[in-house]
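> One structure, pasted below without further comment.
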C-alpha cells in the first residue's frame, strides 16, 4: 500500500514535470525520508492534507531512506522552479551543496522535524519539536496530578543512547526536580517497543513489591506504555488508577487506552510539521517576513478528559 | 596433472650411492621413550636413532605406536620417560614450533599447509621477508621460486596452493620443512595419496636431501617403498620396538613376520578358481552407459557369485564407471537393468533400493561419518534404506554392530566409540560392514585396501572371496594388481576413460593385466608418456 | 557417574542455569517467590519461562538446522512475517483456526524457501537464510502497511498471554514443542540421519540418506517454530510490530543452541540442551532487569556472563576438566581391557 502511494506520488510528479502543472498559488516540493514508522506516515498524510486545504500544489518525493534520493529530488524541484522546498532530512550531514544550489535559485528550504549540520543561512527555517520539552510536559503533568503525595516513578527509556531517550529523560527529571515526593525508583530501556516495554514492566512489578510500591509509569513513547499497560493488567493491577501512566508521542492506540481508563496522559509529538512550515512560507512570500530559525511545534498534553475516543478516530486515518 | 607426470623420467630404482655407513655419531637419538594415554601404554621404552644422510623407515601395523613416536620427536606430545638427543645436545621440544626451530620438520599425510594461501605465502608463513616493516611479496616470490627450483618444481608461486595437486603440495610442504628446520625431516605416510610417477618424483627429491646430509624418518605401509628408499628400518608393534635392521639382506617375508608377529599366508598363491558364469543369474546389466568427459560408453553384465576386477591407471575412468553404476552421477546415455527390468538411478538412494552397495575410494571424505559411533556407522545405510519412520531398535543395532565387529575383526574397544578414533583399516571394515548389513546383491568396492595395514589388507581380500562364494556380485577397483589376481574372476581393463578390454578367468595374472593396461595406454595416448606410465606400473607391481 | 546419558549431556548447562538463578536470588530477594493470582502463577521464575518462550521456540528449530551444519538467520524475520500474517487475517475477520493454520503454513513456506536454496542450489546456509532475513522484515511491513497492526481476538491473545492450569500458554507451547521434537527425532531414525548429514553430507548421501529431503524438512521445521514464536510475540502485545518483532532474536536463538552445548559444526545435537540454553539467556536478561543497573550496562553484563559460560564449555577447558578427573581414575581405566592401545594416534 505504501509503495502504491509512493508510486502514485512519483507518477504525479512526472506528470507535473511534463508541464501540466495545475494553477495554484504556490508550488512546494516535499522530500520525505520514507515511511519507516507510523508517525512518519502520519506526517506525510498531514502534510498532504495541509497543502490541499491551503490550495498549495505539493510535489511529493519519497526517498526510501536514502540521502542520494533526497538530493536528486531537491535538484529536480529546483529544475522545476518550485516556490519552496520542504525537507525531512534522513541524515544531518552532506547537505551544504544542494542547499546552496537551492539558495542560488532563490528557493526557500524549510526543514521538517530533523536538523542538519549546515550553516543556518542555507535554509529559511526548521520546524520541529523540542524533545526535552516533551519530557518536561509529561513531568509537569505528573507533579500536578499527584500533588503532595509520595510517588515512586518507574521509567521506560527509549533505545539506550538515542537522542529522544536522553532528552526525554532529562526533560522529565527537570520537571520533577524540586518535588521531593516524586522520584524515579527504576529506569530501564524498553527499546521503544511494545514487547520490551511489557517485559521490562513485568520485572519492575516484581522488583517493586508486586507493583504495590509503584505510583506511576513514565514511558518515553506510547508503544512501550501500551506494552507496560498489559503487564500491569496481567499482574492484577489497574493501569490508570493503581499505577498512573504517562507517555509521549500521542499515537492512536494510546487514546484507546485512555478511553478505557488505562492510560492517563500523553504528550503529542505532532505529525503536523507542515502547518507551521506553510504558515511561515506564506508570510515570507507575501511580505518577506523572516521567520525565526527554529519553529518549535506545540508539545500538546492530552488527558482522559480530552475525548480520547474522538481523537483516536481522527488519528486512526492519518496513517499511523 | 597428467601432462606433468608424463614428462617425468622413470624412477631411478634404488639409490645405492646414497647409502651411508652407520657410525657412532648419530644425528638424532631417542632413548627409552615411553608414553601413556590415560593409563594405556602407547609406547614402552622405545629406542630410535637416525644418522645424517640416512632414510630410516618406521613401520608397523596401525596402532603400533609410529605416530606417537614421531609426535614425541616433534613436540606434539610430551614424553613420559626417556631422552632425545639431537646433534649431541639433549633436547626437550615443547611444541611443534619449538621442534622446528631445533631442526626437526614434519610433513603429514594430510598436508599441513593452508590451501587458500599462495604457494609463496605458505613457504614463508610466519617468517615473511620484510621491507619497511611490510611483507616484501616480490622477495618472497623470488625466494620461493628459488627454493622450489632446487626440487625441480617450476610452478607459479603466486597461485593458491589449492590449485595444485596433492603431490605438488607435498613437495611444497617438504620444501618448507627443510628450509625451516634443516636437520631432520619426518614424513608421515607421504605416498598414501600419490600415484606411481609422483612417488618416484618424491623419492628422487628425498635422495637429493639425503645427499645434502639430512636425516629422514619415513613412515609407510608400502614395503616396496621401504626397499626402494630406506637404509634402515625400525619395526614397532603394540608400542614396543621389535627390531631395527639394515635393509640390505633383510628378506621381505622376514620383515612382514617381524611386523605382524606371525607368518602371513602367501596370498598371491590364492588365485580365485574359475567360475562358470553362464550358470549364474544376472543381477544387473549396464548397457552403453556413458557420460560426456567422464567415461565412454561401456557394457557390463554383473552376475551373482562373480568378482569383476577393474584395473587401470589413475584417471582411466575406474571411479567414474562406479559412480554411474551407483547413481552418484547420472549417465548421458545408456540403460540399466536390474532383474531384467529397466531402472533409472536419480541418486544412490535408488541404487541402494535395488540392493546395490558402494565403498568409496576416499574413505575419509565419502565413507565414514566421523563423529558417529562404530555402531551408528554400521547401521547407517540399512537405516537409510528402511526410512526414518522405521528406526532399527537399539538392541537390534547393537546386535548387528557386534556381529560385524566380530565377523570382520574390527578392532575397537567399544562399539560406541566414534569411528574417527579407529585406524584406517578398521574404518574400512566398518564401511564394509555398513554395506554387508544391507545384504547387498551387488557390491562395488573402490580401492578397498588403500592406506590400510597389512593384516587388515589380507582380511579384506579373504572377505571378498567369501562374499563371492555366498553368491554376491562384486565389482572391485584396485591399483594393486596382485590383489586383483587374488580375488577377481574376470578383469576389466580401462584406459583413458574407456573400457578397453577384459581378461577372462583363465588368463588373469599380474603380468597379463599390466600388459593389457600398457597396450591400451599406448593405443589411446599414442606412445611416449603412456609407455612411461605403464613401465612405472610394471615396476610397482612386480617389485 | 551413574546419571543417565541424557542428563549427563546437559549437566554443564543445568549447572550454569543453577548458578545464574542463584546469582539472581542474591540480587533480587523475592526472586524465587511464586504466587497464584488471576488464574495464573506469578513470579520472576515464571517470567523467565514465559519471556524465554520465543527464543526457546526458535532454538528448537535452530538446533535441528545447526545439526545439519547449517544456520537459519531468517527466523527473526519469519517471526515478524508470521505476526503480520496472523494480525492481518484475524483483523479481516477470518476464524482463529484459519488464521493460525495459514500463519503456520506461511512459516513452513519460508522454511522451505531457505531449505530449497540450501539443498538444491547448494548455497551456503548463512547466505541462503540471510536473503530472507533481509527481505522478510520488508515483507512483514508490506503486510502491516508499516503500522503496528493491533487486534483483540481473544484466541490469538490467549496464545501470547493465556494460561492453562496457571501456567502461561507460551511456556506450555515451548515445552510441548520441545518434547515433541525430541521424541520425534529420538524415537525415529531422524536424529541419526540428521546428525549424519551434519557430520558428512557426502558420505550420508552415498549411504542412501535422502539428504535434500531432510534438509528441506529441518529448514521447514525451523520456519514452523519461528511462525509459532511469531504468533506468541504478536499475541503477547496484541499486535504485529513488523519493525521490532523478533528483531535480533535469531542471534539469541543461535546463542541458545551454542550455550546448550551444541556445535556449530553440526552433528550431535541436544534439543534439551538448547532449551536450557534459552532459559540461561533469559535468566541473564531477567536478572539484569531486576538488578536495576543503568541500561548502559545491560549488554556488557550479558556478554560477560555468556563469555564465562562459553569458556567453561570450550574444548580447551573440557580437556582440562577431563585431565583433572582422569587422575584418580586412571588405574581403573588401565585395568579395563583395551584392544587398541594407541587411541590417540589413529587418524
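Any Cβ shown, glycine's included, is placed from N, Cα and C.
TrEMBL labels come from automatic prediction, so no person has curated them.
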> For which of the residue intervals C:48-66, C:124-142 does TrEMBL record transmembrane segment?
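Among C:48-66, C:124-142, the range TrEMBL annotates as transmembrane segment is C:48-66.
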> Check the transmembrane segment (C:14-36) against each of C:48-66, C:73-90, C:206-233, C:245-264, C:271-293 and return whichever range has the most CB pairs under 8 Å.
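It is C:271-293, which has the most Cβ pairs under 8 Å.
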> Check for me, if you would, whether the transmembrane segment (C:271-293) reaches the transmembrane segment (C:48-66) - at least 3 Cβ pairs under 8 Å, residues 6 or more apart in sequence.
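Between the transmembrane segment (C:48-66) and the transmembrane segment (C:271-293), which are separate recorded stretches, there is contact, as judged by 3 or more close Cβ pairs.
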> Do the transmembrane segment (C:48-66) and the transmembrane segment (C:299-323) share at least 3 Cβ pairs under 8 Å, sequence separation 6 or more?
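Contact criterion not met.
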> Could you give the residue numbers and ranges of same-chain residues that sit at least 6 residues beyond the transmembrane segment (C:206-233) on either side and whose C-beta is under 8 angstroms from one of its C-beta atoms?
53-55, 57-58, 60-62, 64-65, 67-68, 70, 72, 74-76, 78-83, 86, 100, 103-104, 106-112, 114-116, 118-120, 156, 159-160, 170, 173, 177, 181, 190, 193-194, 196-197, 245-246, 249
